[in-house]
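Working notes, beginning with the structure itself.
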Amino acid sequence: MEMKIIFFLLSFTIFELSSAQLRVGFYSSSCPRAESIVKQVVQQRFRTDRSITAALLRMHFHDCFVRGCDASILIDSTKSKSSEKDAGPNLTVRGFELIDEAKRNLEAACPSSVSCADIITLATRDAVALAGGPAYNVPTGRRDGQVSDSSEVNLPGPSLSISDAAQFFTAKGLTLNDMVVLLGAHTVGVAHCGFFRDRLSDFQGRGKPDPTMDPALAARLLRICGTQSRPLNRDPTVFLDQNTSFIVDKQFYNQIKSRKGIMQIDQELALDKLSAPLVSRLAANDALFQQSFANAMIKMGRVEVLVGKAGEIRKNCRVFNPTKPKGRTG
């Protein structure tokens with residue numbers, strides 16, 4: 001037990017030291033226009049596709065929860081190696097072309113200076129602000145990872161209990177409160193019926209809908225999605241926030257308090273005694289949500305980051321830099 005405690009403390013210390021090397025304005029000398037270049041690309045995309053906010057939030061989360069915030073999710077698979085991008089939970093992650101465009105523009109302005117990991121973090125921050133969420137400064141200085149393996153992708157599923165889901169977050173140095181706030185990202189975005197169809201007609205094999213879901217909502221979703229035994233031929237999507245579907249605000253919490261959560265884990269947030277008190281506070285106070293969301297996003301962006309000389313700065317976010325040949329010795 002003593003050795004486990006020492007190992008945990010050592011790991012936490014390393015995490016604190018590495019994340020402390022991030023700083024706001026990291027590129028002020030090496031690439032002064034870095035953040036404005038990323039923002040311009042995000043603004044251009046947001047004008048025609050407001051759903052990009054949800055896409056980038058999901059990409060950022062899925063990246064940081066596997067090997068830390070190192071842009072390993074951006075790597076393309078090869079014939080011999082399946083990358084994170086092709087793991088089951090990541091098959092519907094999108095927005096990669098936006099990151100590519102930002103990277104091309106940054107390489108033209110400041111070659112080999114700005115990491116793909118920082119591009120994800122900055123682009124997500126900018127998209128959140130454009131969608132009515134908080135405008136906040138994020139520290140930068142991340143480096144890009146050199147490993148991407150689909151077998152390492154293990155993310156919290158939509159049917160987990162609050163306590164089980166919290167274990168995923170605490171393993172990354174995040175608290176239960178952080179989890180409640182970060183799941184507030186479901187204020188934007190959609191879910192495929194396959195992720196919640198079991199709640200609509202035969203929940204846990206009982207032949208009835210999930211009793212924690214508003215009956216009118218369950219009936220409406222059943223018409224859209226079909227049943228587990230007779231799903232529709234396609235896998236439609238529905239908005240996670242039924243009210244302000246493209247706006248980053250506190251309405252998601254009001255929705256789950258009214259038993260209108262789409263995903264089971266979302267609804268559990270409002271029912272579980274561990275999370276319900278914070279849900280109520282967030283639902284009642286948009287300023288609290290905005291500040292809490294900004295803080296939680298900044299904190300998540302520090303998870304297991306690579307800094308200093310660790311990792312690399314990719315020239316192309318989809319592939320690792322070529323390995324430099326070792327010089328002769330002797």
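Any Cβ shown, glycine's included, is placed from N, Cα and C.
Remember, TrEMBL labels are computer predictions, not curated facts.
The active site, proton acceptor annotation in TrEMBL covers H62. Within 10 Å of the Cβ of H62 (active site, proton acceptor) there are 19 other Cβ atoms, across all protein chains.
TrEMBL lists D63, V66, G68, D70, S72, E84 with the feature Ca(2+) 1 binding site.
Of all Cβ atoms in the shown protein chains, 18 besides its own fall within 10 Å of the Cβ of P156 (substrate binding site). Here TrEMBL flags P156 as substrate binding site.
Take the CB of H186 (heme b binding site) and look out to 10 A: across all protein chains shown you find 25 other CB atoms. As annotated by TrEMBL, heme b binding site applies to H186.
The Ca(2+) 2 binding site annotation in TrEMBL covers T187, D241, T244, D249. Within the same chain, residues at least six positions away from D241 (Ca(2+) 2 binding site) with a Cβ under 8 Å of its Cβ are H186, T187, V188, G189, Q251, F252, Q255.
Proximity of C31 (disulfide bond) to non-local residues of its own chain (separation of 6 or more, Cβ distance below 8 Å) is seen for L106, A109, C110, S113, V114, given in sequence order. Residues or ranges marked as disulfide bond by TrEMBL: C31-C110 (among others).
Counting every protein chain shown, 25 other Cβ atoms lie within 10 Å of the Cβ of C64 (disulfide bond). Per TrEMBL, the feature disulfide bond maps to C64-C69 (among others).
Residues or ranges marked as disulfide bond by TrEMBL: C116-C317 (among others). For C116 (disulfide bond), the same-chain residues that are 6 or more apart in sequence and have a Cβ closer than 8 Å to its Cβ are A71, L74, I99, K103, D144, R314, C317.
Taking all protein chains in view, 24 other C-beta atoms sit within 10 angstroms of the C-beta of C225 (disulfide bond). What TrEMBL records for C193-C225 (among others) is disulfide bond.
For 21-321, the entry in TrEMBL reads domain 'Plant heme peroxidase family profile'. Within the model, the domain 'Plant heme peroxidase family profile' (21-321) carries an average pLDDT of 95.
Annotation comment: TrEMBL describes 1-20 as signal peptide.
Residues or ranges marked as site 'Transition state stabilizer' in TrEMBL: R58. Long-range neighbours of R58 (site 'Transition state stabilizer') (same chain, six or more residues apart, CB within less than 8 Å of its CB): V93, A185, G189.
Listed recorded positions: V66, C110, C317; maximum Cβ neighbour count within 10 Å falls on V66.
Rounded to the nearest whole angstrom, the C-alpha distance between G68 (Ca(2+) 1 binding site) and D249 (Ca(2+) 2 binding site) is 27. Close to the recorded Ca(2+) 2 site, the chain also has V188, N243, S245, F246, I247, V248, K250, Q251, F252: residues not among T187, D241, T244, D249 whose Cβ is within 8 Å of the site's Cβ mean position.
Excluding D63, V66, G68, D70, S72, E84 themselves, the residues of that chain whose CB lies within 8 A of the CB mean position for the Ca(2+) 1 site are, in sequence, H62, C64, F65, R67, C69, A71, I73, G145, S148. Here D63 (Ca(2+) 1 binding site) is compared against the recorded positions P156, C193, C225, T244, D249, and the shortest C-alpha distance is to P156.
Take the Cα of C193 (disulfide bond) and measure to each of the recorded positions C64, D70, S72, P156, T244: the nearest one is P156. C69 (disulfide bond) has its Cα within 10 Å of the Cα of none of the binding-site residues E84, P156, T244, D249.
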